[in-house]
Structure formats: C-alpha cells, structure tokens
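Q: Pulled these features from TrEMBL for this protein:
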type   : residues : note
DOMAIN : 30-168   : domain 'Anaphase-promoting complex subunit 5 N-terminal'
DOMAIN : 254-353  : domain 'Anaphase-promoting complex subunit 5'
DOMAIN : 458-490  : domain 'Anaphase-promoting complex subunit 5'
Amino acid sequence: MASVHESLYFNPMMTNGVVHANVFGIKDWVTPYKIAVLVLLNEMGRTGEGAVSLMERRRLNQLLLPLLQGPDITLSKLYKLIEESCPQLANSVQIRIKLMAEGELKDMEQFFDDLTDSFSGTEPEVHKTSVVGLFLRHMILAYSKLSFSQVFKLYTALQQYFQNGEKKTVEDTDMELTNREEGERKMEKEELDVSIREEEVSCSGPLSQKQAEFFLSQQASLLKNDETKALTPASLQKELNNLLKFNPDFAEAHYLSYLNNLRVQDVFSSTHSLLHYFDRLILTGAESKSNGEEGYGRSLRYAALNLAALHCRFGHYQQAELALQEAIRIAQESNDHVCLQHCLSWLYVLGQKRSDSYVLLEHSVKKAVHFGLPYLASLGIQSLVQQRAFAGKTANKLMDALKDSDLLHWKHSLSELIDISIAQKTAIWRLYGRSTMALQQAQMLLSMNSLESVNAGVQQNNTESFAVALCHLAELHAEQGCFAAASEVLKHLKERFPPNSQHAQLWMLCDQKIQFDRAMNDGKYHLADSLVTGITALNSIEGVYRKAIVLQAQNQMSEAHKLLQKLLIHCQKIRNTEMVISVLLSVAELYWRSSSPTIALPVLLQALALSKEYRLQYLASETVLNLAFAQLILGIPEQALSLLHMAIEPILADGAVLDKGRAMFLVAKCQVASAASYDPPKKAEGRDSLKQCKTTPTHGVHLLAKDSCSGNKRLSVETETVIGVLMLKNLKFERLYM
C-alpha cells in the first residue's frame, strides 16, 4: 500500500511515528481520495433532477457504495468510473477538484464548511442517518479535529494526488489514441461493482476500520466462491502484511492470511497465521465481550479444532488426532455440545477407513438434528450416502436419503450444500455405471449455478462442486469419442480454475487421464508412459494402475504382474473396491495374453462377484464381456454368446463408445466361431441380411441392437461381423480388429 498517504502524519493511527495497538479505534479519517468522493457527492446534490437522467442516477447510486466502502483508488480510475455512469457529472467533478488543488488552502477550508449545508433546511439533500449522511458527518468531524499543520499536509497530499491523476489521465489518453479499438474492448470489460483489483489496492493508503472490514470480507467471499476474481496469493499476502503492520492485533487479517496460505498449500505459514488469529482473538477480548467468561475457553477449543482440520487437510493424521483430542477435552469441560458435534464429524473423517466408522457417522447425524445444526446434519447424511454407495447399497435407497438431505437444504437455504448434493448424485450414478443419469445431474448443477449470484456480482460457479461436475462432463464426452468437446470443457475449467487455485487438481487429473486413454487407444504407448508421472503426482493409486497398463501393452508381462499384485493388495487393504475390480480385470487380461485363459477364469469370477455384491453394473457388464472372451478362447463360443446377450444391453445403453465397439465385435467373433453349427437356410438368410447391411450399415446396427436386446439370434455371422467392423472403423480403432 505504498503511496503518498504513508507520509501523512495527521493520520490518527500514528503519534510521533509510533503505531498505536488499537488502530481501528478511529472510525475514519480524511484522505485526498475521500475528498474527491466528497466532491462527487456535493456535485450530485447540486445537479438538478432534469440534468441527470434516471438511468444515470441509478448507475451513480450503485457506484457510491463500493466507493465509500472500498480502499482508496487513483484519481484517473475514479474519473473513469464516474464517466461510465454519468459523463456530464465526471466533467464537473474534474473541474471542481482542479480548482481546489490549483487554488489555495482556503478553497479546501471553504469546501468543508459548505458540506454542512447538505443537512440544513426543512428538506435536506442528505439524511443524517443514511449511508451517505454518516460518511459526510464522519469526514466533517475528522477534518475538524485536524491541527493546522495536519490540514496543510492534507492539502499538499491533495495536490500530489491531483498531479498524479492528471499524469495518468494524459498517458491513458495517448494510449487510447494509438489503439482506440483495444481501449474500447477494455472499457467494455470494466465492471460497475468496482471489485477490488491489484492496481487499486496497491495505490491505496492505510485502510480505515470500515475499509479494512470491507476488504477482508470481499476477499474472503471471493476465495470461497470465485477465486479467480480475488487477488493473487502473493499480492493478497502483501496487502495483509501491510495491514498487519499498522495493526498487528487485527485478528480477521490473520485469518484471511490463513485462508490465503491454504491456496498455495503452505503448511507452515497457514499454521502460523491460524495460531496468531486465535491468539489475537483472546488478547483483544472480542470473544469475552460476546460470550462472557466462556470466551477464553471457546477460543481455545475452536483453535484446537481448526488446527486438527488443518493437519487433516495436509495429511498429518497423527497431529490432527492429537489436536482433536485436545478440542474434545476442552469442549467437554465447557459442556459445549456444538463444538463436540464438530469434533465428532472430524473423528469420522479421521477414522472413515475403519469398519465401524458408520456408527460414528449415524450418531453424529442424530445429535446434529437434536441440537438444531442443519449444516452438520446434511453433511453427515451425504457422507453416510457416500459410504453406503461404496458398500454396495441400492441406488433407490441412496437417492431417498439424498432427497431427505435436500429438504434440509431448501428449508434452511443452504445453497452450497445443494450443489454438493447434486455433484454427489452425479458421482454415484457414474459409480453405478449410469452415464445418462450422471450427465443429467451434471447439467442440472451447471444450470442451477448459472442462476445464483452472490455479492459483488460474483457467480457462485467456481466452487468445488462446479469443478467436479465439469470434470464428469469432460470424461463422459471423452468416453463417447467426442474429444473436441471434452477439450472445450477442459479449456473452460482451466479458465475458471487457474493452476494456482485450490481446486485445480481436479481438472489436472481429469485432463491427464483423458490424454492417457486417447494415447492408449491410438497405440502411442510412449506418450501414455510419459503421462503416468503426472497422474501419479495427482493420484498415486491411479498412477500405479496406469503404469501397469502401459507395461502390459508393451509386453512387459512380469513387471506388469508384479505391479498389479502390489496394487491389488493395497486396494484391498484400503477397501477401494472399484480399483480392485479394475486390477482384477487387468490381471485376467494379462493371463490370457500370456496364453493362460484357464487361470484367468477364477480371477474374472472373483471380479464378477465383487461387481454384483457392490452393484457396480457397468464393471459387472465389462467383466461378463471378459468372461465371454475367455470362453471364446477356450473354444466354447455358444456359451460366450449367451453371456454376451446378458451383458450387451447395459454396454449399449451407458457404455463408452470403445466398449460398445468391442462388444459388437466380440459378438461377431463368437458368431464366426459358432458358424459351423448353422443350418444352410440360416446361412442363406444371412447372405440376404449381409447385402442389406452393406447397402445400409446403420440399418444393420439397428437390427443388431434390437435383436441383441431381445435375445433373437437370427442375424447371421457375416452381418454381425460387418457391423462390428463398421463401428470400429468409424471410431478409428483399427488396432482392435486387425
């Protein structure tokens, strides 16, 4: 915040160059920027109703609040904002400030004397208790308390502020003349709500209490809802350090510093800021004033609880457990049931891998409902639904539970949890292999977020739920072979969530997985191998699994088998059933590629049993396809066909386009293998169908899908072979059938 204001020793925060501890005891003080705002208010009062249109008056009124609450900005920037709302008034303000700055000290004195006339008369221009009226009264009072030397320094600062603004205006005018079109595009992007930008904050002086509170609240809201519009981590930390330089005991600034350090995963600085926040909260007595004698203990137990949450976020589970035990002990001594409920929720998070963790969760939900904590109750229900989904419960029971959770959200207006609930429904449908339902839920979430606006014009569409939904959309498009559409979704994700944002890892992993799958489908194993490192950095389990797939594709069977066995043991230990089934399928594929299909059968049956037990329909269908292929290799194509007719319907309905092509081609191969047992009339009928399929291949695909779903086996060998090959050619997966 280096500016001319740092030299103003009339600032009530400083006496003989020493900063007072209670900086914000003074509500406001006069600065050159605030004098410019006072000139704007005075000109608005002097301008008649006919001189300014109704639309311009409305834009000016919308502009006033951020000008009064926000930090000081440059004079040229202020001119631009006023000119966008009312060009005529901007010219009057510029002339008035110029006359005052180029005149004498008595002109500024006369200006403040005239401000009191705004409250005089039977119908005053400004009401004393209005927002503008309170601002005027604060400025008049702060100016009247200044000594003569302080008034002279204020006038000198006003002259310097005007000169800097004039230089900036001249530079901007020259730039507009050289590149008018580019200037117009930039002007269109300017926002009327005056959100705090780096260039505005950097030119502002020490903030008053209201300005500091507005700055902190706005930045905290942006970090939560739209991180891209907040200051960068380095710039925000610089402003917070300058703010704390004038008031080291400003607790809220320490907490915002804690949130800012979390963005860059700085565990040391975030812990340091969090502890300072609670230390300052106790020292200032803010908690004691609002909570009596319990304020001191309340700060201690919530400090321990937040420290446990911080350690849990960074994966320091032992330290988190110790801090949580301390929070529970202090909360029990104080009989604080609300704090105990939060501790119980975090106990579940720390112990959710244990088999009895659902008991803690159910108890937490019941207690949260009992003590009237809808937010905790809803989070508990959604965590319980997630756990039951991994345990293999039916989808209808899970959706009924989420419906009860949604009732709590709508009843208590918990919009953030509504988004989380819809994102979780999307993930559950994808887990169960219902891509159509997942697509519908993801689009519903995106539509809802686009309709809900937050303060300062921020759209609440940059939350984690929004990122999860977009990642699901990108993966669903990639599964259907629409890589261009998936690339557009990922491009949008990169714009919404820059690499330094806290949710950027979601789209990074999604992007790496899509690139890996595409490289494997194209047979570019060296490219896929280079992507494994990035996937491992984001998700170690996924990275090891993809590495094994690459080794298997490169015919390094022994290395792939060792890696898959280690991964299988680890996933069974942490109860990652979905990955266990995927590993089993890869192990089975490794066996039959090694000419050992009989060994693959028990592995596939184990995978099928797990898929059925946990109701993972799509993985079960994929396992059945692998079983059918194993039976085809063993020379029993008739049984393979009967299995395929069981599994092909879910694949055609919700499967990826590659899996659809594989399934159709496998049906054709089984028909080819069993053609020896066909009667001559059926072969003749097959030739007629073949002619029709060659002329209208889409009609042949329709016939195959129809007959496969109905169990009709009348289609001939040649027809199904042509259909499978046509589909795979359209998908450009030549390596699957050559």
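Placement of Cβ uses the backbone N, Cα and C atoms for every residue, glycine included.
Give me the lay of the land around each of these features.
A: In the predicted model, the domain 'Anaphase-promoting complex subunit 5' (458-490) has a mean pLDDT of 86.
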Q: Please report, as numbers and ranges, the same-chain residues at least 6 past the borders of the domain 'Anaphase-promoting complex subunit 5' (458-490) whose CB is under 8 Å from any CB of it.
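A: Counting only partners 6 or more residues beyond its ends, the domain 'Anaphase-promoting complex subunit 5' (458-490) has Cβ contacts under 8 Å with 195, 221-222, 224-229, 415-416, 419-420, 422-423, 426-427, 430, 435, 438-439, 441-443, 445-446, 449-450, 452, 496-497, 503, 506-507, 510-511, 513-514, 517-518, 656-658, 731.
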Q: Please work out the helix, strand and coil residue numbers for the domain 'Anaphase-promoting complex subunit 5' (458-490) from the DSSP assignment.
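A: Counts, helix then strand then coil: 24 helix, 1 strand, 8 coil.
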